[in-house]
Amino acid sequence: MSVLQVLHIPDERLRKVAKPVEEVNAEIQRIVDDMFETMYAEEGIGLAATQVDIHQRIIVIDVSENRDERLVLINPELLEKSGETGIEEGCLSIPEQRALVPRAEKVKIRALDRDGNPFELEADGLLAICIQHEMDHLVGKLFIDYLSPLKQQRIRQKVEKLDRLNARA
C-alpha cells in the first residue's frame with residue numbers, strides 16, 4: 001500500500017466527473033487500499049478517488065473513533081434522503097478550512113463493496129454527512145460550492161497561501 005498525493009484547490013482535476021467502475025478487480029482493490037492508507041495518513045474520515053486524481057466512482061470512509069470501521073462505496077447511488085442538518089465540514093483538498101454546509105440528515109444509498117458485492121445502507125449523523133460530501137466529489141463538487149462567492153474566494157486565497165508556505169518548507 002502507498003500514500004497517494006491529495007489534490008488541493010484550485011486544482012481543476014477536482015472538478016472532473018468520475019466514471020463508474022466497470023469491474024471490481026485487483027487493481028480497484030489496490031486503489032481502495034491506497035485510498036484508506038492516504039485517508040488515515042492525512043487524518044481524514046472520508047476520501048473520494050477524485051481527490052487523488054483517480055476519476056472513478058470510489059469512496060472510502062471511516063468515521064469510527066478507533067479508525068477500524070472501513071466503509072467502501074464503489075459506484076454509489078443516492079436512493080433517498082430526508083431531513084436537514086449541517087455541521088462545519090472540512091476537506092483534505094481544502095486544508096485547514098471549515099464551513100457550515102446544509103445536508104440531508106438521513107440518506108439511503110446503494111453501492112458495491114471492496115469485493116464487488118452490491119449492498120444498500122441507511123445512514124444518519126456524521127456518516128450521512130460524510131457520504132454526501134464524498135459523493136459530491138465524484139461529480140466535481142466541493143463543499144465551498146455551497147458558500148457565497150466572497151467566502152469561496154477567501155478560502156481559496158488561504159489554501160493557496162498555505163500551499164505556498166508548505167512548498168518552501
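In case you wondered, yes, glycine gets a Cβ from its N, Cα and C as well.
According to Swiss-Prot:
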- Glu134: active site (ACT_SITE)
- Cys91, His133, His137: Fe cation binding site (BINDING)
I'm trying to understand the geometry here, so how far is the Cα atom of Cys91 (Fe cation binding site) from the Cα atom of Glu134 (active site), in Å to the nearest whole number?
9
Specify all same-chain residues, apart from the site residues Cys91, His133, His137, whose Cβ lies within 8 angstroms of the center of the Cβ atoms of the Fe cation site, ordered by sequence.
Gly46, Ala48, Gln51, Glu89, Leu92, Ser93, Glu134, Asp136, Leu142, Phe143
Within 10 Å of the Cβ of the residue listed as 'active site', how many other Cβ atoms are there?
25
What count of other C-beta atoms do you get within 10 angstroms of the C-beta of Cys91 (Fe cation binding site), across all chains shown?
28
